[in-house]
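Presented below is the structure to which this report refers.
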Amino acid sequence: MDVTIQHPWFKRALGPFYHNRLFDQFFGEGLFEYDLLPFQSLFRTVLDSGISEVRSDRDQFLILLDHFSPEDLTVKVLDDFVEIHGKHNERQDDHGYISREFHRRYRLPSNVDKSALSCSLSADGMLTFCGPKVQSGMDASHSERAIPVSREEKASSAPNS
């Protein structure tokens, strides 16, 4: 199959609807023909893409990530940031060896209680990082601290937005 190279300007016209598997959690697993067709990606869901979701409402701050196991993840809070590091060890597949690693950093809102942060992983691999919000006058200390990832026995029930 011949593949033409598109100038980035043409992809911009589709904006957030243009999904590229090269930049999601499936990186390193190979591309399918439909990944090279821009309009095919319009029909894929966000949950299928491995893209993280950040929610912040009046009561809590929430980060949702998927496709992980607890052994792959390290979660820590450093000052006003949550750092999530994941590493899949090298394994062999039909085409050679695959090794994946990622590092994501999210800024915490200033009114999140850093001493009450929690992190859990559902049975279907959905990581949920949650922190309650406090009144604006209260401020937690600024230091580095690891957040343990607890494992849930049931699948996630995170609603789609």
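If you go along the chain as it appears here, the first residue is 1 and each next one adds 1.
The backbone N, Cα and C atoms fix where each Cβ goes, and this holds for glycine too.
Per Swiss-Prot, Zn(2+) 2 binding site is recorded for HIS95.
Counted within 10 Å of its Cβ, the other Cβ atoms near LYS87 (N6-acetyllysine) come to 14, all protein chains included. Per Swiss-Prot, the feature N6-acetyllysine maps to LYS87.
What Swiss-Prot lists as deamidated asparagine is ASN89 (among others), and the listing cites similarity to another entry. Around the Cβ of ASN89 (deamidated asparagine), the number of neighbouring Cβ atoms within 10 Å comes to 10.
If you look up Swiss-Prot, you'll see ASN111 (among others) marked as deamidated asparagine, on the strength of similarity to another entry. In the three-state DSSP classification, ASN111 (deamidated asparagine) falls within coil.
Residues annotated as region 'Required for complex formation with BFSP1 and BFSP2' in Swiss-Prot, with similarity to another entry given as evidence: 1-53. Mean per-residue pLDDT, taken over the region 'Required for complex formation with BFSP1 and BFSP2' (1-53), amounts to 51.
For 135-161, the entry in Swiss-Prot reads region 'Disordered'.
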Revision key, fill the gap. Cβ atoms other than its own within 10 Å of the Cβ of ASN111 (deamidated asparagine), all chains, total 17
